[in-house]
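Reading through the C-alpha cells given below for one structure.
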C-alpha cells in the first residue's frame, strides 16, 4: 500500500530513485533470485527397456538436490535428457552437439564404450566436463582432460581379484569371460602365473547363445572348482541358474563374480546349497545415510510399473545407479564452489570452447564427497577415481547383523561382509577362517551328506535281521558307530553307499584313480568313512581328517601244526653250533691246562716224601687227566684233580665260570623245550618271506598296503613287490575275505593292516600274526580336496578321542571269544617222549663202557703176554751161552733158576719204570 501511495503522488519520482531501482535490478536481484544450472544426459535404450536405470538415477539425484537446498541453496538444477540406440555413436555425437548448443554445464553418459569415446572427444574439444560412470578401456595415447570416471579403475579391480586369489591360496583358477574386454580388465590376474605359483585356465562364454551348459560340463569334468566370472549381472543371473542345473552348486565350488551388482541379484535359491560365492560391493550400505537413500530409491521403484526380468531384486539400487547418483552430486558440489557460473551455448562446428570449462573441470576434480559408493576423490591428471574401498562379500545362509530398512536387512541377511580392499592399502580380511569355524556345527547342521564306504569286517558289515532292512539300517560296524557319533556332534544327516567297484582307491599307470578315492575326487560322495589309510599319494588328491585309528602292516598266516619234543629234545635248549663250540672249548681248555701244568714247576711233586733226595718227580695233569678235569667241571662233578699253581688255577677258575653260565642257561631253557609244544613256523618276519618263494604272499589289490610296497624304496620291500607284481593273478586278492580264505586253505601269507589281523585272529584260532609291524600309519575320514567339512570332522574325532569313545567302540567290535585252549599247553607232565633220549644216552654210555672195559682187558692181556714171551726167550738164550752144563740134570736146573731170577728182576724193573715217570 505504501508503495502504491508513493507512486501516486506527483513530483516524487526523481533521478535518485531511478538509479536506486537500476542498482536493485542489476546487482541485488541477481544475487537473491535463484539461478538455474542445466546439465545434460545421454542415455542408451533397448527395446524392452525404454528407460534405463541410469536415467532414473540421474533424475532421482537432481530431484533430491533440488528438494534439499543445503547443497545448492541459490541454484536450481535442471536437465536435458537425450535417448539414443545402443552402439549408435553417430547419434550420440549429434545429440551431444544439440545439448551443448542448448547450454549445459556438464554432460553425462552414454554407457557403451564406442559412444562414450565419441562424446568424450567432442567435450574435450569444447572444454565441457564429461561425466562417466561405466568402465571404459583407457586409450594409451589418450590426452583428453575434460572428463572424470567414477567407476573404479580396471587395473585396481584386477589387483583386488589377484589379492583375493592369493589370500585363498588357489593354485588353479578358471577365468570365464563374456567378451574381449574381460581379458583387458583381468590383466593383473592373467599375468599372475609368471610371478606366482598359480595355474590359470581361460574360457569364454558362448556369444549370442545363453546356453553355457556345455562349457559348465567341461569345467565339471575337468574338476575346475575355483572359477572367476567376468560378466554383467544379467549374465551372472542366467549362469547361476545353469550352474544349479548342472549340479555344480555345492560347497566344493567357489565362484567369484567381477560384477559390482552381485549383491543385487536374487540368490535366495542358492543360499542353502553350501556353495561358496564371493564378490565385490561398492555401495557403502554400512552408512545409515546411504541406507536411507537406498530405501527411498526402492520405494519409488516398487511404485513404478514392473520392469522386465533381469534377475535383480525388486527395487534394488544397482551400482551403476549409485554411481550416476554420486556423479550428479559431484557436479553439484563443484557448481556450489563456483561463483557466477555462466553456461554458454556452444557450437560443435565452430570449435569455440567454453570459457569457464577448465576452471569448472578443476573444481570437479578437486571435489570430495562421501557418497553412496564411498569416499570419492579423483586423480587430477587422468580423471580416474582413487582411494576407494571395495567391500568383499560372501553368500551365507543366515545373518545376525541388524540394519535399518527392509532392503538393507535383506542385504545383511543374504551377504556377509568378510573384508575390505582399498586401492592404497590393499586387502584387509575382517572375517578369518578361524572365526568361521568358531561354531563347528554351523555349516553341517541338518545337511545331508553322501558317505561312501566298503564292506570290511568289523568296520562295515551287513546287519543280520529276519526283516528286510533299508537305507543305513542295512549296515553295522565300527564305522557306522563312528558316523553316528559324528552326526550327533555335528548335526548332519548321512546316507551310506557302498563303493561300486569295491576298492579302496589306487592310482594306475595313467594317473587315474578308482575306489572310494575316485568317488571323492568326482564329488559323488562327501565323506569316505572306512578303513581308508592316510597315504602321501592319496593326500595329494583328497583331504583327510586326523586319524581315528593308528595301525601298521603285518603278516597274516596260519598257525603251524604243533610238534611234540623228540627223544633228543634235551639238546634243543642249545643250538648245534653251541654244542660244537662247548666241545671244542672243553678240548681246548684241556690242552691249555696240560701244557701249562707241564710248564709250571709248581705242579711237579716228589712221590716219596720220606726220601727228599729222590730225583724222581710226578705230575698229575697228564693229557687224559686234563680232559677228565674239564669234563668233570662241565658236568659240575669233582675229578679229584686239584691244580696247585696259580696259572693252572686261573685256567680252572675261568673254565668253571664258563661252565656255570652254560649250564645255567641250558637249565633255564630246558623246561620250556621239554614241557611246551613248540609251534615251528617257516616264516618269522617279512625278511623270511622275501628270502623264499615256496610260500606265496600278497595283499589286497589297489589297497594302501599294495601301494606301500609298490612305492617303497627299501630293498626287502622292493623284492617283495617284484614277487607280487610278477604273480598279480594269484598273489593279489580282490578283498580281505578272499585273502583270509586263501591263508586258511593254501600255503599263502596275506599282508594287511594289523587291526584287521587282530580282529581275524580273535575269531579264528587257526590264524596268527607273524612278526611285528612293517610300518606305521592311520585310518582317517576322507573328504574331497578343499572340503569345508574336514576341519569340523577332525575336531569331532579329537573330541571322541578325549572322551574315550573311540577306544570303547574298538573294544566293542574287536573283542572276541579268544583261543583259551592255548593256555592248556603251557604246562604238562614229562613223558618218555620228552626225556626218553636221556635214557638212551645212559644205556649207550653203559654199553660203551662195557665194550671199552673188555677192550682194555684184551689189549692189556695181549700186551703182557707178548712181553713175557719176549723176555723168556731172550734170557733163555743168555743162560745157555753163560753156563754150559756137563750133566743134564745139574745144568738144566741151574739154567732154569737163573732164568727165573732174571725174569723176576726184569718184571720188577718194568713195574718200577711204569710208576716213576720222569
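Backbone N, Cα and C define each Cβ position, glycine as well.
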Residue from 276, 620 to which Swiss-Prot assigns N-linked glycosylation site: 276
Of 835-855, 856-876, 877-897, 898-918, the range Swiss-Prot labels transmembrane segment: 835-855
Topological domain name match (Swiss-Prot): residue 35 vs residue 786, membrane: yes
Record-annotated L-glutamate site (Swiss-Prot): member among 476, 753, 758 besides 531, 533, 538, 704, 705: 753
Feature transmembrane segment in Swiss-Prot, mapped to one of the ranges 451-471, 493-513, 556-576, 577-597: 577-597
Per Swiss-Prot record, range annotated transmembrane segment [choices 654-674, 675-695, 717-737]: 654-674
Shortest C-alpha distance to residue 765 (disulfide bond) - which of the recorded positions 276, 446, 531, 704: 531
Additional residues around L-glutamate, ordered along the sequence, whose Cβ is within 8 Å of the centroid of 531, 533, 538, 704, 705, 753: 504, 532, 535, 703, 707, 777, 779
DSSP state at residue 765 (disulfide bond), helix/strand/coil: coil
From recorded positions 68, 428, 446, 725, 761, the one whose Cα lies nearest residue 538 (L-glutamate binding site): 725
Residue, out of the recorded positions 74, 704, 761, whose Cβ gathers the largest set of other Cβ atoms within 10 Å: 704
Fewest other C-beta atoms within 10 angstroms, as judged across 446, 705, which are the recorded positions: 446
Using Cα positions only, nearest of the recorded positions to residue 704 (L-glutamate binding site) (68, 379, 428, 446, 725): 725
Site with most surrounding Cβ atoms, counting all protein chains shown within 10 Å, from the glycosylation sites 68, 276, 766: 276
Assigned element (helix, strand, coil) containing residue 428 (N-linked glycosylation site), judged by DSSP: strand
Cβ atoms near residue 533 (L-glutamate binding site) (within 10 Å, other residues, all chains): 25
